[in-house]
Amino acid sequence: MNPSPLLDLIDSPQDLRRLDKKQLPRLAGELRTFLLESVGQTGGHFASNLGAVELTVALHYVYNTPEDKLVWDVGHQSYPHKILTGRKNQMHTMRQYGGLAGFPKRCESEYDAFGVGHSSTSIGAALGMAAADKQLGSDRRSVAIIGDGAMTAGQAFEALNCAGDMDVDLLVVLNDNEMSISPNVGALPKYLASNVVRDMHGLLSTVKAQTGKVLDKIPGAMEFAQKVEHKIKTLAEEAEHAKQSLSLFENFGFRYTGPVDGHNVENLVDVLEDLRGRKGPQLLHVITKKGNGYKLAENDPVKYHAVANLPKESAAQMPSEKEPKPAAKPTYTQVFGKWLCDRAAADSRLVAITPAMREGSGLVEFEQRFPDRYFDVGIAEQHAVTFAGGLACEGMKPVVAIYSTFLQRAYDQLVHDIALQNLPVLFAVDRAGIVGADGPTHAGLYDLSFLRCIPNMIVAAPSDENECRLLLSTCYQADAPAAVRYPRGTGTGVPVSDGMETVEIGKGIIRREGEKTAFIAFGSMVAPALAVAGKLNATVADMRFVKPIDEELIVRLARSHDRIVTLEENAEQGGAGSAVLEVLAKHGICKPVLLLGVADTVTGHGDPKKLLDDLGLSAEAVERRVRAWLSDRDAAN
């Protein structure tokens, strides 16, 4: 028997709109099953997609996509959207090398109105589209779909503030599941959770679930119950508005509707059809459950936010709750998490800050052991950095655990609030370099370039796990702002010290002595440099620091070797290799230099090893490039 007769009919939203509204609940069920199977094979963001199935169906059913624009915030919940927009048969390639991207991507489909991967951009982008349509005299509609976690970021409120004062037709759908990746923090989630109407919504949902089957058997009873439900909701809304005068969003100039059940697809269609005909800024508050329809994800949405894969034989039935085997080698994130706890036990001034990335940044144990010194500020990177600056002013020792790609969002604060005042804040910059399946929006390829130009900054790049701990300890003790950047995943497997040893700031070390060719390597590129150097009898320097850079070592290597190769997992432009060239120019040294890094291009997604090979940064690719360079130079001479 065909498990998805309705879904099989749909290759575009136009096919979806041919269905009767009463068929949509069945379609949503088929879509959820298909989602379980596809993510079960490829891995990816999981719980958030299960919670957005009915909402996605309703939006594409009501809005005339792709002419009408749906702008998904972050993009974690975009898989149902991709399935309904002609990519169903490619879902097995999701986040794989050469396959579908894990986030909306304009070059992938005309239905992906705005490329995304970071949080809280949807309202601003959709507002820009709505303003453009007004200028062009178009009656197209723009819709921003944003979660309550993403709504905590300042950029979302900046866009709300702007939109409420503009005469444009914009719908903001607030998908409220009380989660980002971790449970939400801050005043806004408390406001949403305490809403009287939300409480009434929960009560009505319970009553409907328990009485619906009985009412179905009584002629006319269901229709009467729906009228009563509508009246109760209306009274509750009126009571809430009387209590609060105007809701938060109405004070921003939006007409507020909701909250409504985000898993009742037929009712969602009715509500959206009404909203599509309204003028001006509108906000629809939708209540959903992250992981809906999948008990393990419902019960633990943090664990099932993203999964590597599900057992193939049981994906549709839900996998057994079996803990994965621990990696033989610790990840850099784990090395940081252990160092942080060890350091905090020895220094009561240490405080840790994360912008809503507790699990990913390795802070779970720290929060459990030192809850009073743990600050999750929500999806608010700008605030996280300035907040750290305030702590440092009063004698605390802040450690900001942040991904490289998200540190970009707080660049002004890094310069203005930290570096110009020379405040001793340590940035533990995770996910530096290629990250793999999440693609270019999450790659950490620019931090060396944008950090090393900032006055007072110390920038370190460890080559292995033990060096990571060494450099964290070293930079923590520095009386200046410092960043230690390290990659995703496991290291090289070297033993890791339990101590708090330090090294001299701004000094590198020689890892291998050779002749003629000197490899000047930074961070994760030390390992491939060593692998290649043995075949070419080259010298390898592990620089450790990008700023201050070891000028003495660079000059010595340049004068004792015929040529230099620099290696970094960062953009070539303005990166560590550029720093080496600056040193050579400063000292009037003219030697052939091959600069190996990430060229001026947007990287792809998929297996990191394949991506590094494409970029010419795997050990094999480095050897090919160096040999070709040497051959060209020999031929030229």
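The backbone N, Cα and C atoms fix where each Cβ goes, glycine too.
Annotation for HIS118 (thiamine diphosphate binding site): same-chain Cβ neighbours under 8 Å, separated by at least 6 residues, are VAL74, THR405, PHE406, ARG409, THR441. The thiamine diphosphate binding site annotation in Swiss-Prot covers HIS76, GLY117, HIS118, SER119, GLY149, ALA150, ASN177, TYR294, GLU381.
Of all Cβ atoms in the shown protein chains, 23 besides its own fall within 10 Å of the Cβ of ASP148 (Mg(2+) binding site). Annotated Mg(2+) binding site per Swiss-Prot: ASP148, ASN177, in sequence order.
The two recorded residues, ASN177 (thiamine diphosphate binding site) and ASP148 (Mg(2+) binding site), show a Cα separation of 7 Å. The two recorded residues, HIS76 (thiamine diphosphate binding site) and ASP148 (Mg(2+) binding site), have Cα atoms 13 Å apart.
Note: the CA-CA distance between GLU381 (thiamine diphosphate binding site) and ASP148 (Mg(2+) binding site) rounds to 16 Å.
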